[in-house]
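**Q** Sharing a structure below in structure tokens format, with a few things to ask.
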Amino acid sequence: MRRVSVLFGVIGAMVCMSAGMALTQPQPGGEAGGRFIVVLEDGVEEPASVAGEISGRANAEVGFVYRNAIKGFSATIPEARLDRVRADGRVAYVERDGVMKTVAQTLPWGIDRVDADASSTRAGDGSGAVSGVNAYVIDTGIDAGHPDLNVVGHTNFAGGPNRDCNGHGTHVAGTVAARDNTSDVVGVAPGAPLTGVKVLSCSGSGSTSGVIRGVDWVTANAKKPAVANMSLGGGASQALDDAVKRSAVDGVFYALAAGNEGVNACTSSPARAGTSNGVTTTAATDSANKEASFSNFGSCVDVWAPGVGVLSTKNGGGTTTFSGTSMASPHVGGAGALYLSKNTGAAPATVEGAIKAAATVTGTASKNGRQVQLLNAGGF
């Protein structure tokens, strides 16, 4: 979906098969009226003071300030003052902010299909726990009280309670790193330390500027080696793409969802950032290794992973089943964590290269004719 105002959705939870719970595919929404993202030139040293100066002249109200992944700020700016902001020599570009919306132990079929159980998920008693790497879930937050998740931190840029009050982020976190024990499910990188970066609210909605703030925080605070998963997406946003790319250059490996609209992933963000080194965009497959009917596709897709009927951790305890590229992406995030746990000095580009090199050709074709190459973490 392509539009001027960037509508984001958590990419996944298209289908929720647990009783009494239903999450729907993101639907287009309106503009975030008057809110803009102002990206400054790289040479600007004090984004906060520049934001204050520019906003003062434009009678604008500053929201988030970005210092790490990109330099810039979000602000509510009167339309009549936009040209004045754009004309400032320290401003690289301005884009309209947008509204975001949510798109005994069981071995999930996806973990088995990508051969993660052939690596460290062997014992079923916790002895295969992954350490020495940190995983950041940029989403609706994580249920820190879930016994199957090793949650070590949580931060909130969406407002409301500092926890997952939606469920999507908790499900994603389980696929990345649910413990290898005797209950619930097991993740690709079992027991790896998880940090929730909440950028979407209890309703699964937020803003592009808030997501960028989450990426900016990860860039500044990630304990490396580190991976970040973003199971969200929407219309094209240069500011978000730039933030993800620069965060990867700074040493964080990114796993991104391709999107659920059945269109070219290169038309949406942050999926289209998958063309950059250290950023891996993931499309979804079903249990027959075929590309899911809803999955986005195209040259911005790097690898495929299970995304239909994926069992993982549930908000409040236990498990539930979701479908979407949101569920495919954390398989790759977990694989990245697994690789980094044994190759702690590897750069994000090296991690991406290893994941793509290990992928298995399935003999099935994507919507644009490309061969589907399924994630294979068995050697990590």
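Glycine residues also receive a Cβ, built from the backbone N, Cα and C atoms like all the rest.
Here's the feature list from TrEMBL:
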{"type": "SIGNAL", "residues": "1-22", "note": "signal peptide"}
{"type": "DOMAIN", "residues": "56-102", "note": "domain 'Inhibitor I9'"}
{"type": "DOMAIN", "residues": "137-363", "note": "domain 'Peptidase S8/S53'"}
{"type": "ACT_SITE", "residues": "Asp139", "note": "active site, charge relay system"}
{"type": "ACT_SITE", "residues": "His168", "note": "active site, charge relay system"}
{"type": "ACT_SITE", "residues": "Ser326", "note": "active site, charge relay system"}
**Q** Report the DSSP secondary-structure composition of the domain 'Inhibitor I9' (56-102) as helix, strand and coil residue counts.
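**A** Helix, strand, coil within the domain 'Inhibitor I9' (56-102): 12 helix, 22 strand, 13 coil.
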**Q** Distance check, please: Cα of Ser326 (active site, charge relay system) against Cα of His168 (active site, charge relay system), rounded to an integer number of angstrom.
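**A** A Cα-Cα distance of 9 Å.
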**Q** At the level of the C-alpha atoms, what whole-angstrom distance separates Asp139 (active site, charge relay system) and His168 (active site, charge relay system)?
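**A** Cα-Cα, rounded: 7 Å.
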**Q** 10 Å Cβ neighbour count around Asp139 (active site, charge relay system)?
**A** 33
**Q** Give me the mean pLDDT over the domain 'Peptidase S8/S53' (137-363), rounded to a whole number.
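**A** Averaging the confidence scores along the domain 'Peptidase S8/S53' (137-363) gives 96.
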**Q** Applying a 10 Å Cβ distance cut-off over all chains shown, what neighbour count does His168 (active site, charge relay system) have?
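**A** The answer is 29.
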**Q** Under DSSP, is Asp139 (active site, charge relay system) helix, strand or coil?
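**A** DSSP call for Asp139 (active site, charge relay system): strand.
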**Q** Taking the Cβ of Ser326 (active site, charge relay system) as the centre, how many other Cβ atoms fall within a 10 Å radius?
**A** 36
